[in-house]
Amino acid sequence: MPELPEVETVRRGLEPALVGARFTTVHLARPDLRFPLPARFAARLTGQRVEALSRRAKYLVADLSSGDALIMHLGMSGRFDVVFPDGRQLSPGEFYLEGAPGQAKHDHVVFALSNGARVTYNDVRRFGFMDLVRRAELETCRHFAGMGIEPLGSDLSGEAVARLFRGRRTPLKAALLDQRLIAGLGNIYVCEALHRARLHPEAAAGTLADAAGRPTRAAARLAQVIRDVLTEAVAAGGSTLRDYAHTDGTQGAFQHRFRVYDREGLACTARGCRGRVRRIVQAGRSTFYCETCQPAP
């Protein structure tokens with residue numbers, strides 16, 4: 001499943017095609033994706049101008065001139081294909097490499113735009129979804145209600161980490177993946193951030209706050225490396241794995257910078273470290289960490 005950097009890569013690729021243009025027609029190949037599409041979905045979109053395209057956690061949000069917001073989630077294999085009037089083609093979000101995701105039979109929603117562009121949503125596994133909500137109700141809608149802070153930007157700090165994790169006995173990795181605390185973090189980038197912060201994934205999350213609730217040095221370090229890892233991943237166009245390639249058909253490159261993720265048994269890449277990467281399973285997901293850099297609690 002695409003994580004925050006991959007979704008941000010998609011947003012940046014779609015923005016030039018969508019923002020400022022109106023939907024002239026919306027073709028639905030089926031009435032549902034992962035969930036049924038909203039009632040009168042095509043009719044509510046047709047004629048509306050896209051005023052902005054943003055990202056919240058792993059969701060894309062298009063602000064429309066009608067006051068609605070179009071929420072889009074890529075699921076496991078969703079992607080967008082853009083064709084411009086001059087014939088140029090762009091696939092911002094072509095991270096899916098398994099099989100032939102570009103087959104027309106998997107084209108589920110086609111947006112024709114007033115600037116002459118055509119944007120097609122293609123989804124092999126059909127785990128993605130789209131919804132329409134009033135923009136004024138965006139933060140309280142079922143998708144975003146109770147969602148945590150954004151890890152990119154000023155909201156994430158050592159103080160925020162201490163406040164969110166104080167008193168929690170849950171493993172640190174599980175706390176970082178809890179979307180009610182910090183929204184948008186996924187397995188890959190949590191493993192990478194914990195390694196850079198030299199924190200064991202099974203350490204209690206509450207240890208990042210002292211007895212008075214103040215952030216420890218580890219909390220400040222973790223907040224910084226989370227931002228660093230995500231920023232580097234966005235700049236690299238995300239990570240291409242078995243399921244996932246990148247804007248205009250090229251592949252994301254951050255997987256070549258993995259320090260621990262999917263490197264079980266290999267030597268740690270940290271300078272001066274002679275440890276090896278280990279893999280454990282937490283809540284059904286693989287966790288990768290260095291046995292030396294990230295000592296057990």
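For all residues, glycine too, the Cβ spot is worked out from N, Cα and C.
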(request) Please state which member of Arg88, Arg125, Arg142 Swiss-Prot lists alongside His106, Arg168 for binding DNA. (result) Arg125
(message) Between the Cα atoms of Arg125 (DNA binding site) and Arg285 (active site, proton donor), what distance do you get, rounded to the nearest Å?
(response) 20
(message) In whole Å, how far does the CA atom of Arg285 (active site, proton donor) lie from that of Pro2 (active site, schiff-base intermediate with DNA)?
(response) 15
(message) Averaging the per-residue pLDDT over the zinc finger (259-295), what integer do you get?
(response) 95
(request) Show which residues of the chain containing Lys58 (active site, proton donor), separated from it by at least 6 in sequence, have their CB under 8 Å from its CB. (result) Met1, Pro2, Glu3, Leu4, Val7, His73, Leu74, Gly184, Gly186
(request) Would you mind checking how many other C-beta atoms are within 10 angstroms of the C-beta on Arg168 (DNA binding site)? (result) 18
(request) Run through the zinc finger (259-295) and tell me, per DSSP, how many residues are helix, strand and coil. (result) 0 helix, 14 strand, 23 coil
